[in-house]
């Protein structure tokens, strides 16, 4: 996900796709690019391409790598929208599953550096030496020239914008989910299928962008306007296209501009008669279709800007339909429509509100923007999950939700562990052949280490010593740190053979380790490499509690121990990972819970209370 090849393809592909005029944004790729840079720094470079930096060894641990990737993602949002605070809140709301105060100031520092660098380049490019880069300064869609005044009768139209945003956003998610399923079947056919699909979408986009402006009537230029009309070249609000002198084609003004300029045109204030309803309706319908067919092809693409374009068009359409009842400028209704559709699709609130505030530079819009976002999110949540959750589910990525499903309270971690294959454990002092066999025939990342009980314990009892990681086992085999007899090693022996950098190496494979038969008969002491204080839960704990613990502490493994200890009882019942705690995977192992899931969704509070009482009675 974060390799050098992925980074290069994202950069080149994003530049090509955005400049080609496809209906996609650069925001999503920029988030991924920032995360790729951060990941490479966190692991000291790329070993595959022999790009290694020894001075970055300090960051070679899982916690710092996660923090760096979070900072990279927030920097990508900041670079895309020139929104430093919005980038920090985006990382808090959407990226990080475990937040703490240190991560807050780190992401804030990262976005501050991004803004300073952006500002420097924008100042340098003011003379036009950098093409379109830097247009608009740090405020991309400035609407601060309008004084916003509210009336009581404005609340109903604004609420309508939020309700429609939630409905359209949830409908967009539903249709996009079906399209992505279809595209996944096409993309599985190979590279040629991916290429042909991308070419077909590109050709369809070009035909639509060229032909549809002929449907829009010509509009006479306003002689009182100070802006040149029609616009001679480049981007502008007044494209002549097929119209005679003194007239402009408003639909061509939107379609024959960059995506950023198209948003500026629709957001433009004090222009009540600049765009016709039919042109805005065609633009909205076209970008709905293009947004659905473009996202998912083999091209780096983002969802932010297409949804902003669709939302701004429907917001301005609604303002035109209600022009006799509203007192807010039509351009500001376009801003509210864009915010509502994004909240209805992506279900973000706080970060989205701040991003729009920094995009438009109009603090007076803050109250009604918050109002619209909350309504749109509430309406959208009642139909389906956010578009991010849908894509994560399609890709099979093990992302845990913030809150567990209600039916998870009826299942214990012991029952969940029993549904898995039998646990593979190692002894504290193990034969090399046994370690190699376990690594080659399993794909597990962690293994419990079990020892014989101390002398006071009854004969035949075993105790849990801790958890050893796969990477550490491969490091021990690579160093060939073996013993000829079964004994425990001293601390100084381990420190002389290994450093923290050796144990932090990732990606080593056991197949590359060459061992002789004599070495396979030797022993290895796993005690020095074992985490003796892993997180453990009793087998009677509910899965709902385990999910909360797993997410809040940021775990990778959770050991399940028996409720009672004794001779002949294994000290470890099982081990749970992130994949095991996903709702989809649990329902695959316990299909009967799917019926309870539907029953709980239809039941009222009283029925839920009775169900909980009966569950306690059964326990």
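Indices start at 1 and increase along the chain as displayed.
Backbone N, Cα and C atoms are what each Cβ position is placed from, and that goes for glycine too.
Just so you know, TrEMBL annotations never went through curation; they're auto-generated.
Copied from TrEMBL, the annotated features are:
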COMPBIAS  596-610  compositional bias 'Basic and acidic residues'
DOMAIN    530-596  domain 'CBS'
REGION    596-619  region 'Disordered'
TRANSMEM  103-121  transmembrane segment
TRANSMEM  158-175  transmembrane segment
TRANSMEM  195-216  transmembrane segment
TRANSMEM  278-311  transmembrane segment
TRANSMEM  332-357  transmembrane segment
TRANSMEM  363-380  transmembrane segment
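Beyond the ends of the transmembrane segment (363-380), by six or more residues, the same chain brings 143, 147-148, 150, 154-155, 158-159, 161-163, 165-167, 169-170, 173, 328, 332, 335-336, 339-341, 343-345, 347-349, 352-353, 356-357, 386 to within a C-beta distance below 8 angstroms of the stretch. Within its own chain, the transmembrane segment (195-216) is flanked in space by residues 20-23, 183, 186-187, 241-242, 249-252, 255-256, 276, 278-279, 282, 286, 289-290, 293-294, 297-299, which lie at least six positions past its ends and keep a Cβ under 8 Å from the stretch. Beyond the ends of the transmembrane segment (332-357), by six or more residues, the same chain brings 77, 81, 83, 85-86, 89-90, 92-94, 141, 143, 146, 148, 157-158, 161-162, 164-170, 172-173, 263, 266-267, 269, 303-304, 307-316, 318-319, 326, 363, 365-366, 368-370, 372-377, 379-381, 385-388 to within a C-beta distance below 8 angstroms of the stretch. Beyond the transmembrane segment (278-311), the same-chain residues lying 6 or more positions past its ends with a Cβ under 8 Å from any Cβ of the stretch are 9-10, 13-14, 16-17, 22-32, 80-81, 165, 168-169, 172, 175-176, 179-180, 183-184, 187, 194-195, 197-198, 201, 204-205, 208, 212, 215-217, 250-251, 254-255, 259-260, 262-263, 266, 317, 320, 334, 337-342, 345-346, 387. Counting residue by residue with DSSP, the domain 'CBS' (530-596) contains 26 helix, 12 strand, 29 coil. Each residue in the domain 'CBS' (530-596) has a pLDDT score, and their mean in this model is 89.
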